[in-house]
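Inspection log for the structure reproduced underneath, given as structure tokens.
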Amino acid sequence: MTLGDRIDSNGARPVRIHQAGAAPGSAPRRSPPSATGGPFISSCGARGRERKATGRKNSRAKDNPTINIMHWNAEGVSNKKEELEHFLYENSINICCIQETHLQEGKPFKIRGYQVFRSDRQGRKKGGVMTLVRNNINASETNRYMEEAEYIEVKITTNDSKMNIVNYYCPNDKMLSLDTIQVPDSGFLIAGDFNSQSQS
């Protein structure tokens, strides 16, 4: 992940985020729809593999690997585990921030190949946040908050880069509590469901 990526006019960093519209259960789009409605034709070689030039190594991709980050309001994740696993593997998702897990304390939830950082809402059937991070990525929880809004913050380290990712959910009857989040000067991403009707 390159932390020096450009930032657009809204202050957003292009990190290839899958939004709620690409939730598990919907088939991933593999190519733009064709004007003739014909079948999807792969751009791979004759044997189904992309042709690569020999003798050259892409050192830039190795030094700055792309990290795919997804966020999803699940409205209950227990009965969607199989679809979630399929979506994560098919789309090479490295980090997945899930809101409204509806998990209760003491109920295990694991995804093969991923570390699980979760915070369950106490005294409320709904809510809860969970961050899944691939096992090959160095990650540690640094902060959690479960009073009004709820979030969990995870520190990600890849090569020489560090990033703090906040997985955030605010029920529509709770305060946003954004002032409780300490935002560093760089290497920070917040993803989630704000239930907010204005850009501010």
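Yeah, the Cβs are placed from backbone N, Cα and C, and that goes for glycine too.
Keep in mind that TrEMBL annotations are predicted by a computer and have not been checked by a curator.
As given in TrEMBL:
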BINDING   N73, E100  Mg(2+) binding site
COMPBIAS  20-35  compositional bias 'Low complexity'
DOMAIN    70-196  domain 'Endonuclease/exonuclease/phosphatase'
REGION    1-65  region 'Disordered'
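Counted within 10 Å of its Cβ, the other Cβ atoms near N73 (Mg(2+) binding site) come to 16, all protein chains included. Per-residue confidence over the domain 'Endonuclease/exonuclease/phosphatase' (70-196) averages 94 (mean pLDDT, predicted model). Residues near E100 (Mg(2+) binding site) in space but far in sequence (CB under 8 A, at least 6 apart, same chain), listed by position: N73, A74, E75, G76, K126, G127, G128, Y169, D193.
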